[in-house]
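Novice: Got a structure for you, written out below as structure tokens; questions coming shortly.
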Amino acid sequence: MGKEEQDINKLKEEIAHLQKLNTALSQKIKLQQEELATKESLYQEAIKESERKLELFFQQSMDGFFYMMIDEPVQWDDTVDKEKVMEYVFKHHKITKVNDAMLAQYGAKKEDFIGLTPRILFGHDIEYGKAVWTKFFDQGKLHIETKEQKLDGTTMWIEGDYIAFYDLEGHITGHFGIQREITDRKIAEEKIRRHLEELQILVDTIEPHIWYLTDQDTYGLINQAHADFIGLKKEEVENKKLRDFFTPEEVEVCKEVNERIYAEKKQIKTEEVMYNSKGEKRLLAITKTPKIDSQGKVEYIVCSAEDITERRQLEDELKRAKEEAEVANKAKSDFLANMSHEIRTPLNGIYGMTELLLDTPLRVKQKEYAITIRESSELLLTVINDILQFSKIEAGHMEIENIEFELPKLLNVVIDLMRISAGNKNLQLKCFISPGVPSCLYSDPGRLRQILLNLIGNALKFTEEGHVTLQVTLQKDEASQPCILFEVIDTGIGIDDEVQKRLFKPFMQADSSTSRKYGGTGLGLSICKRLLELMGGDIGVTSKVGEGSRFWFTLPLVDAPKTMQDNTLLQENYCKVPPSSCNLTDVDDVAGRVQPEHNFSYDGNNKLLLLVEDNPINQRLTKMQLEKMGFAIDVVNNGLEALQAVAIKKYNLILMDCQMPEMDGYEATEEIRKKESLGHIEPINIIAMTACAMEGDREKCLQAGMNDYICKPVKVEQLKHLLIKWLK
């Protein structure tokens, strides 16, 4: 084979190899093409799916989505006439795509909305629209809250976010927008704004200062009152430190309280001294309340303050006035107590000696004189008691009992007590009780007896001839509570209409000559009125000059358990008059009769008593009274001597005066009780016999350790009663 043939064969082999390679390459290319086609198909499907989802999101979004594209891209930089460009944009920047939410916002159909330009959308305010679009193009994006109009002309508020599109050369081609209607929110915000504005006006017009502090000493918002106090505008104070306006001392006090609030996390009320813009020292009552955040930390402190400078000054003045009044009242009480004591002490001698005198054989005239002395003493004692009782009522210290008592018995006692006075003036004293009046009442029998004695006593005093009648009836009214009506009717001098108007005021009598002619303090009726007010009743008078008077008063009827069924039986049991008569007591037959003498007889059994008394007259008087009763008496002058006496002798009872030199009766009693507790002496009863008759004097004696109390002037019967009680 020649070389040429060899070359041909070699060439054929190479060609065959190349054909094989070409075939393999073609197959590989085909496979790659098929693979690429598959991938492209997948990519296209993915793109379509993405576009489908994007379109779905676009259409289903609750927010309005839209595209606006410009017919031709516009250049937007400092090299162009932006006003001219914006004029073009407003004509050729058109809506190209929009979702249903956007259509709903404007109340439009798609065909009505596509192609709309800014000139149409901002037709209600072109200049405003251009300003907004200029800002948008300058920034490339925009967030805005603004008013727009729906296609029907209705105004709405929208919130929008817009992003500009650019081509490769940086020219603006259009934009994408997301927009939502916020009309309801804006209406709500406007309401809140108005409410806050009104609240701010309210806060600024009220007198209390209001502010809040951050970081314990930095001002937040404040009201006008606090700004005026500092002397600056509100904005000049807010976000400033306390030290910018107040002294270091003021700031330190404030910070101490604020630190407590941050630590304790609770409201604190305090009073702080601050100086206002005029340099005046003011006292502020401040309430500081912490605002706690969700993590339990103090966010800031809300402060409200009231300027209480004048109020505190007034309180101080009132306190001083109260203290001065209390001092004056104490001085008055001390004066009354002293006068009462000083009058009762000699009166005890006068009254007691008169009783002793009346217990001796006397001629008729002598007995008449002695009785006059005794009655004058009793009258003087009544005057003293009236003054003391009125003072007690005025001071609000009068206490009213509410106990059950039998009315007929009480009336019988009253009539018996007034019988002598009526007989001495040849006056008829009568009492009538109407059927149906309860025999048992629930009230204060002592005060009722006092009122009746006062009214009947006055009637007898001012009546020269005729009668004085007490009538008791039951009053029932469907509109009010049942009550008992008491009437004291006389045929006396009568009372003028003008005088009646002031008759129940303190120290008032018919006229100035009345007190000179008839005597008395003018307190009796005033005391009656005050007592009846305390008892829930009322009092009044009807009178005619020269014909007589009718004084009446009422007492509310409270659950009387018994009712008087037989008035005749009542008269027989309590009035001791013939049952055929309603006249409970007729004293015509007792005119001129004198009160029987006191009976001093009492079997003292030679019991030994100790009299502790510093007044010589009262020593002699009491010693004589007790000796007539059969007692043996030792007399000492003060409490110190009493201690010495009980250490030597054993006494059955001690009569103890309270006010004495060296050692008074209170201290002496306490010392005696101490000796008893130590077993140095045997227990002994101690009775206070004192001229101290003020409110609390009895309690003071009992608290000191005394067993009982009797007030001077001492009546023999009262003294005998106590001796019998404590010597059993």
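Just so it is clear, glycine is given a Cβ too, placed from its N, Cα and C backbone atoms.
Unlike curated records, TrEMBL annotations are generated automatically.
Not my notes, these are from TrEMBL:
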- 1-49: coiled coil (COILED)
- 178-205: coiled coil (COILED)
- 304-338: coiled coil (COILED)
- 142-194: domain 'PAC' (DOMAIN)
- 195-265: domain 'PAS' (DOMAIN)
- 268-320: domain 'PAC' (DOMAIN)
- 608-727: domain 'Response regulatory' (DOMAIN)
- Asp657: 4-aspartylphosphate (MOD_RES)
Novice: Mind looking up the mean pLDDT for the coiled coil (178-205) in the predicted model?
Specialist: 86
Novice: Using a 10 Å cut-off, grab the number of neighbouring Cβ atoms around the Cβ of Asp657 (4-aspartylphosphate), all chains included.
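Specialist: Excluding its own Cβ, the number within 10 Å is 27.
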Novice: Quickly jot the same-chain residues contacting the coiled coil (304-338) by Cβ under 8 Å, restricted to those at least six beyond its ends, or write none.
Specialist: 207-210, 226, 229, 271, 281-287, 387-388, 391, 395, 692-694, 697
Novice: What counts of helix, strand and coil residues does DSSP assign across the domain 'Response regulatory' (608-727)?
Specialist: 55 helix, 24 strand, 41 coil
Novice: DSSP-wise, what's the residue breakdown of the domain 'PAS' (195-265) into helix, strand and coil?
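Specialist: Split by secondary structure, the domain 'PAS' (195-265) comes out as 42 helix, 12 strand, 17 coil.
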Novice: Do you know the DSSP helix, strand and coil residue counts for the domain 'PAC' (268-320)?
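Specialist: Tallied per class, the domain 'PAC' (268-320) gives 12 helix, 30 strand, 11 coil.
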Novice: With DSSP as the reference, give the number of residues of the domain 'PAC' (142-194) in helix, strand and coil.
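Specialist: When I sort the residues of the domain 'PAC' (142-194) into the three classes, I find 12 helix, 30 strand, 11 coil.
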